[in-house]
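Asker: Take a look at the following structure, please.
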Amino acid sequence: MSLVAIGINHKTATVDLREKVAFAPDKIHEAMKSLASRTKTGEAVIVSTCNRTELYCNTGDEADVISWLESYHQLSHDDVLPCLYKYQGQQVVQHLMRVSSGLDSLILGEPQILGQVKQSFVKAKEAGTVAVTMDRLFQNTFSVAKKVRTETEIGAAAVSVAFAAVSMAKHIFSALSATKVLLIGAGETIELVARHLKDNGVDSMIVANRTISRAEAMCEEFGATAITLEQIPDFLPKADIVISSTASPLPILGKGMVEKALKQRRHQPMLLVDIAVPRDIEAEVADLDDAFLYTVDDLQSIIEQNMASRREAAEKAELIVEEESHHFMEWIRSLESVDSIREYRSQSMAIRDELVERAINKLAQGGDSEQLILELANKLTNKLIHAPTQALTQASRRGDLNSLGQLRAALGLDKD
């Protein structure tokens, strides 16, 4: 058996095709069982996210795995094949380790993919489609992903606007958990900001939005308070951090409103991060002594620097992945030798048992014990050295010095 992986991701296929080959969470267990039944080992793991669908199997038949995917989703071979990537053996190990470490992600180094791969592995174990090889592969992969995070800076620098906004707040406030945050807007970016804030221990969040129902839906998830845009002047003085991202054509926060809020705060500093285009916060707010205003352009320059840092870290991460994939394949090859060793030992023991049984029978018939022991030793020696002797003779006749050297080493003939 050999490891096989096939997949489609954001680099190779359109959203339309990625949607067609994705696996619904409520059907993933049955899908894994179905795929595993097509392999001789019964081992299969399916990783299915919005950006990728990948099938990992312990089987030698790559074509059969592709055929199963096409059949399961009722897609034509011509539609699927041009978008597929295929790996075997060590390539599978290396690819899975790269994916789990965030090296193959749309956003280089993003950490979410590791959790998604872990979840896929758990589901495969629940489905009963994981045995020794797949278990070792995925457990090793998780250790490698952790090593990449620990030994490189692949995930240290912010590379999304939302993450960069929260990272900036962390640099200014020593403990985000003690801050009060006002979020303006309730779109995808602000939702991501809220998630990052929550992960950093922020409990006091207010979400202001033109549509209160949208803000309330978001607040329910994060334990925040929803208000309308008209209520901002009442809540602004309480905010240590303001992060805004709306689609408003005109500024929502003017210099006068912020100045009034700062007076009510007795000039305690306020961080304002405007990640909207066009701007939500008037540029003149930056002129106020206790207001620290940053725009999307400020964040973008930080992101560009951080991306360069991540690319540098990724080079080191690639070396870790390559080395660890080699180590895993050494283990795989050692497994392949187990059957040969077991067969060789079994064969030797069968020879021993046969000759011992003959000697015992002759001894029972009154044979000379000393003579029988010598005869047993000679026959056993001749039987056991027959195959190695034949191999040495054939290698010598062929002039195959490499094989001859390997045989001598295996038989312990080159020891000092």
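Here the Cβ of each residue, glycine as well, is placed from N, Cα and C on the backbone.
As listed in Swiss-Prot for this protein:
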- CYS50: active site, nucleophile (ACT_SITE)
- THR49, CYS50, ASN51, ARG52, SER105, GLU110, PRO111, GLN112, GLN116: substrate binding site (BINDING)
- GLY185, ALA186, GLY187, GLU188, THR189, ILE190: NADP(+) binding site (BINDING)
- HIS95: site 'Important for activity' (SITE)
Asker: If you take the centroid of the Cβ atoms of THR49, CYS50, ASN51, ARG52, SER105, GLU110, PRO111, GLN112, GLN116, the listed substrate site, which other residues of that chain have their Cβ within 8 Å of it?
Answerer: LEU106, ILE113
Asker: Can you tell which of the binding-site residues THR49, GLY187, GLU188, THR189 lies nearest to HIS95 (site 'Important for activity') in space, using Cα positions?
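Answerer: The answer is THR49.
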Asker: Can you list, in sequence order, the residues of the same chain other than GLY185, ALA186, GLY187, GLU188, THR189, ILE190 whose CB lies within 8 Å of the CB centroid of the NADP(+) site?
Answerer: GLU191, LEU192, VAL193, SER245, THR246
Asker: Between the Cα atoms of GLN116 (substrate binding site) and ILE190 (NADP(+) binding site), what distance do you get, rounded to the nearest Å?
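Answerer: On Cα coordinates alone, these residues lie 23 Å apart.
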Asker: Which of the three DSSP-derived classes (helix, strand, coil) applies to HIS95 (site 'Important for activity')?
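Answerer: Looking at the DSSP assignment, HIS95 (site 'Important for activity') belongs to a helix.
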Asker: Report the same-chain neighbours of GLY187 (NADP(+) binding site): residues 6+ apart in sequence with Cβ closer than 8 Å to its Cβ, ordered by sequence.
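Answerer: Listed in sequence order, they are SER245, THR246, ALA247.
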Asker: Can you tell me how far the Cα of THR189 (NADP(+) binding site) sits from the Cα of the residue listed as 'active site, nucleophile', in Å?
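Answerer: Per the Cα atoms, THR189 (NADP(+) binding site) and the residue listed as 'active site, nucleophile' stand 18 Å apart.
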Asker: Going along the chain, which residues six or more apart from SER105 (substrate binding site) have their CB under 8 A from its CB?
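Answerer: Set apart from SER105 (substrate binding site) by at least 6 residues yet with Cβ under 8 Å, we have ASN51, VAL99, ILE113.
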Asker: List only the single closest residue to GLU188 (NADP(+) binding site), chosen from the recorded positions THR49, CYS50, PRO111 by CA-CA distance.
Answerer: CYS50
Asker: Cα of ALA186 (NADP(+) binding site) to Cα of PRO111 (substrate binding site): how many Å, rounded?
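Answerer: With the alpha carbons as reference points, the distance is 24 Å.
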Asker: Roughly how many Å lie between the Cα atoms of ILE190 (NADP(+) binding site) and CYS50 (active site, nucleophile), rounded to a whole value?
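Answerer: If we compare the Cα positions of ILE190 (NADP(+) binding site) and CYS50 (active site, nucleophile), the gap is 20 Å.
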